[in-house]
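A quick write-up on the structure given underneath.
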Amino acid sequence: MISPQQTLRRIAWRLMPFLFALYIFAYLDRVNVGYAALAIQRELHFSNTVYGTGAGLFFLSYALFEVPSNMVLLRVGPRRWISLLMVVWGAISCMMPLVHTPAAFYTLRFLLGAAEAGFFPGIVLYLTYWFPQAQRARAIAGFMSAATLSGVVGAPFSAVLLRLDGVFGVSGWKWLFVGEGLPSILFGAIAFFVLLDSPAAAAWLPADEREWLLATLAAENLHPGRRSHLRDAFRNSVIWQLAFIYFAISAGLYSLSMWLPVLLKRISHGSDLRVVTLTAVPYIFAAIAMLAIARSSDLRQERRRHLAAALVFATLAFALSGLFTQHVIATILLFVAVISIWGCLGPFWAVPTSILQGDAAAGGIALINSVGALGGFCGPYLMGIVSDRTHSFYGALLVSAGLLLMAAVVAVRLPADACSS
């Protein structure tokens, strides 16, 4: 007698730790420029506008290359494509110490975005090959919680690398990029030998469990309400609503990811290393929130209210954080913003994976992430340009709050049948 829970537990223990590790380094290579921001701006004399533009440019190329990258993954398989992407972006990260001008900074950030573009949507698609709809929010949230752990581990790790400042005459921020780029190259090589393209090739899964999983996924893919062609994703109004929601989420999320050390420095006036280490704190609670909200969403088979509630909390935290001059209150509100905005991602990503399959799933997931990537550009860019012109970050925080509030309204109005399994 097959136990579905036992089968899925076996799959989770086999796949998730490795995918978790991959995403830690993917996310760290994406946002470590935030940890290096204070040192880069000081040494290279970059203004907030230059830094914000470079930080955000990653997401323009990320948006441009996501859909094509996911379509390539469908053709060549996850194993080959994901391992190649990791090696390439790790190498680009290791080239960051060569930056001396804004043009070089912009170029490498753009190339890094192009290389990373296919990773996240590719893994979300990959998880649909292994987990049925009812367990998908928890699987996705478990994978995405690696990004929050990246903040927990990455902040002190980055602080250690920054302490190498002056070793062999090399600046600490340069050690940071090399030290965090090399693991991506290593794990990319390992991924080629560890990842499987489908459950059919999983020799470690007993034959009866493998057959049950393949039959279950095949039955879900035959559901008449699910779309399977790429054009269906672009014609689906729910996908475009989700794309707007993710635009707002990404604008807020990456505003904080790229600027949190700078914001905390301005609030607390602490040392660079103390500030970088402090940024780890909210990500501990964000990981807990992600898993708890995703579990609740899966158990209740409900997505809209879970998503909207987290967005409302994030809206309030963004809007209020700039009103308080007392650094403890302002810091707590920024931490609440981080926790809330990460907490919504499990139920959010469970929606498109439940209504699309095949080419439509690959294209739809990448489309949503591409539009979200534009938010990832706008958020950090606005933080830089607004702070340079007004000498305050509050205006940019209010823009993010407004976007998140609109996203909460759209989330509540999503069709009920698209938000339940």
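Cβ coordinates are placed from backbone N, Cα and C, and glycine is handled just like the others.
Annotated features, as they stand in TrEMBL:
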- 15-419: domain 'Major facilitator superfamily (MFS) profile' (DOMAIN)
- 12-28: transmembrane segment (TRANSMEM)
- 48-69: transmembrane segment (TRANSMEM)
- 81-100: transmembrane segment (TRANSMEM)
- 106-127: transmembrane segment (TRANSMEM)
- 139-162: transmembrane segment (TRANSMEM)
- 182-205: transmembrane segment (TRANSMEM)
- 238-261: transmembrane segment (TRANSMEM)
- 273-294: transmembrane segment (TRANSMEM)
- 306-324: transmembrane segment (TRANSMEM)
- 330-351: transmembrane segment (TRANSMEM)
- 363-386: transmembrane segment (TRANSMEM)
- 392-412: transmembrane segment (TRANSMEM)
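By the count of Cβ pairs under 8 Å, the stretch nearest in packing to the transmembrane segment (106-127) among 81-100, 182-205, 330-351, 392-412 is 81-100. Across the candidate stretches 139-162, 238-261, 273-294, 306-324, the maximum count of CB pairs under 8 A to the transmembrane segment (48-69) is reached by 238-261.
Against the transmembrane segment (273-294), the recorded stretches 12-28, 81-100, 306-324, 330-351, 363-386 differ in Cβ pairs under 8 Å, and the greatest number is found for 330-351. Through the fold, the transmembrane segment (81-100) approaches residues 22, 25-26, 29, 32-33, 40, 44, 69, 72-73, 108, 111-112, 115-116, 118-119, 122-123, 126, 170-171, 174, 177-178, 180-192, 195 of its own chain, all at least 6 residues removed from its boundaries and within a Cβ separation under 8 Å. Between the transmembrane segment (238-261) and the stretches 139-162, 306-324, 363-386, the greatest number of Cβ pairs separated by less than 8 Å involves 363-386.
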